[in-house]
Every structure is written in structure tokens, then in C-alpha cells.
Amino acid sequence: MEQFLTTPHASRARWVVAVFAVVAAVAHIPVTGEHLREAPYMGWLFIVLTVGCLSIAGAALVRDSSAVYALAVLTCGLAVAGYAATRLTAFPMLSDDVGNWLEPLGVVSVITETIVVVAAIVGLRHRAQPASRISTSWPSTVRGG
């Protein structure tokens, strides 16, 4: 469990996760106020998502552990699923979103969140390679003489 939580992968994917998680977070800021007024539950979910994405970005840069990558997959994966759900089904106080697949900030959010999910999966698959050990002992076949 400790390895899952703390062992870094040292993957280049951490940079992709961090950058696109920040973009996903920022994309939600302009519409949060409107959603807090019209559909408060969604406004609060946007706040939680924004804080989550910013936290994931920071954590990925500090220590890209399996836990960070798994959280990125879960958080951004659920955000993409939520976007699709609100476009397919009328949610309370959000019925005007049904069928509105091309809302500009929504498209930015879905693209960046999908990139985070893919990069996090790549990061999960990457394991830091242990430093190779150079043997300084002489082979047993070498004889003095």
C-alpha cells in the first residue's frame, strides 16, 4: 500500500497530467458562478472538480505515485462521464444542456480531461527504473600473477 501511495513513477506523463489538469480546472471557473445560481449542486461539483484537478496537477509534479495517477483517471473520467450524462439526460435545473455537445468550454473540458485520463493511464503503466548497479568487484576468474 505504501508503494501505491508514495513510490514515484518518474514518468514524463506527469507533465501532461499536470498541464491538462490545470487547463481542465481553469475551464470550469467561468461557468461556476452561473451554475451556482441556476443549479447549485452542479456549481458545487464544479468547485470540487476544480480543486481536485489543481490538487492532482500539484501532486503529479511533486510525486507521481500510482495513487496520483489513479485519482487523475477517476476524477477526470467521472467528469467526462458527467458531461456526457448531462448531454444525454435532463438533469434537475439543467435540462437546457441536453444535446448541447458543442458548448465551447464544455468541449475544452472534455478534451483536456480525456487527455488527463490517457496520460494518467500511461503514467500508471510506467515504472521508475532502478538505477543500474555497477559491480566494482573483480570476477572470480581473474587471477593475480
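Every residue gets a Cβ built from N, Cα and C, even glycine.
The feature transmembrane segment is assigned by TrEMBL to 12-29 (among others).
What TrEMBL lists as transmembrane segment is 41-61 (among others). Long-range contacts of the transmembrane segment (41-61) within its own chain (CB-CB distance under 8 A, at least 6 residues past either end) are made by residues 14-15, 17-19, 21-22, 24-25, 28-29, 31-35, 68-69, 71-72, 75-76, 79, 82, 91-94, 116, 123.
The feature transmembrane segment is assigned by TrEMBL to 68-85 (among others). Long-range contacts of the transmembrane segment (68-85) within the same chain, counting only residues at least 6 positions beyond its ends with a Cβ under 8 Å from a Cβ of the stretch, are 9, 13-14, 17, 21, 24, 45, 49, 52-53, 56, 59-60, 91, 106, 109-110, 113-114, 116-117, 119-121, 123-124.
According to TrEMBL, the transmembrane segment annotation covers 105-124 (among others).
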